[in-house]
Amino acid sequence: MAAPPRSGPFRWHVDIDRHLNPLLPASILPRLPAPIAHFLGYRSHPSRTGALGNIVVVFWAAIGVFSSLTIIGAVAQQIPSFAHHAVPTIVGSFGAAAVLDFYAIESPLAQPRNAIFGQLISAIIGVAICKLFALSPNFESVRWIGASLACAAATAVMGLTGTVHPPAGATALMAVLDDSVANLGWFLLAPVMLGCGLMLAMALLVNNIQRRFPYYWWSPEEMGTRWKKTTAKEEEKQKGTEGAASSEDTISVRGDRTSSGDVEEAPEPQPTVEFTDGDKLVVTKGHVQIPSSMYLTFEEKLVLETLSQRL
C-alpha cells in the first residue's frame, strides 16, 4: 500500500502565530510587581501544592459564574444607551462562556485571546450576515439559513485565526436568529465586548486565588523573537565599539544592580516544537518532536508542551 503523500491539499495548514508571534512584544508580566503579576496569571515557579480536588474547583467555579453574570447584568442595567436599544440584560452565550472561564480554565478555548477575539469575530460576522439576509423580502423564511451560515463562518474564521471559543458560535447564531439580539445591529458589539471585559476581570480575580488563569494571554509559544535578535545584534555591535574603560563601567553598574536585588526574573522558557520526517513522537525537557505525518490539534500540542515543561 502506497504511503500517503507528504504534501497536497490535505496537508495545507494555516498558522498565523508563526508569522505574528515573532513580531509581537514579549510578555511584560515578569517585570510587574509580584502581586499584580500573580493575578494576571504569571508564576515565576511551578506550583508545588499539587492538583486541587474537584470540590474546591467546583466551589470557585460556582462563585465565579454567579458573580460574573451578576455583575454583567447589574452594569448593563445602569447604562442608558443599553436601555434605549433594548439590550438583553445578559447575552445568552455568556452562560456557556462563564462555564469555560471559571471551570475549564486550563483549556486553550478559555484563554483571553479566544474569549475576547472569538466573541468579537462572531458578533461581527453574525451582524453582517443578518444585515445581508435582511435585504431579502423573504427574510423570515430564510432566516434560519443565515443563522447556520453565520455560525459556520464564525467557526471557520476563529479556526484560522486561533481564536476558537465555542460560546461565540452561539453569539453568531443569535445575531441572526434571535430578534432581541438581531435588532441591535452593530450595537451588539457594545454589550458583547463589555461582557467579555467584565467576565475576564472576574476570572483574573477568582481563578488566581487557588488556581492559575490565564495560562497565556496570546500564545503558549515564545513571542518577540525578532526583536530579541535585533537587540542582541545591537548589543554585540555596541560592545565591539566600546573601549575597555566603558566596558569596566558597564560591569560595575551591573554589579551594583545585582547587589541591590534589582534583577529581572526571566520568564519560563517555552518548549520548542519540531516536526520531523520520522515516525516517533519524542517528548524531552524543553523539546518536542512530532512526526510530520501526524496531525495534532492545538489542545493535543499544548498537552505535549506541558509535559515537556514538567520533565
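Going from the start of the chain as shown, residues are counted 1 onward.
In case you wondered, yes, glycine gets a Cβ from its N, Cα and C as well.
According to TrEMBL, the protein has these features:
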- 51-75: transmembrane segment (TRANSMEM)
- 54-214: domain 'HPP transmembrane region' (DOMAIN)
- 82-104: transmembrane segment (TRANSMEM)
- 116-135: transmembrane segment (TRANSMEM)
- 142-164: transmembrane segment (TRANSMEM)
- 184-206: transmembrane segment (TRANSMEM)
- 228-278: region 'Disordered' (REGION)
- 231-240: compositional bias 'Basic and acidic residues' (COMPBIAS)
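If you count C-beta pairs under 8 angstroms between the transmembrane segment (184-206) and each of 51-75, 116-135, 142-164, the highest count goes to 116-135.
If one looks beyond the transmembrane segment (142-164) by at least 6 residues along the same chain, the residues whose Cβ comes under 8 Å of a Cβ in the stretch are 14-17, 108-109, 113-114, 117-118, 121-122, 125-126, 129-130, 132-133, 136, 170-173, 175-177, 219, 298.
Sequence-distant contacts of the transmembrane segment (82-104) (same chain, six or more residues past either end, CB-CB distance under 8 Å): 57-58, 60-61, 63-65, 68-69, 72-73, 76, 110, 115, 119, 165-171, 174, 178, 180-181, 183-184, 187, 190-192, 195-196, 199-200, 203, 206-207, 213.
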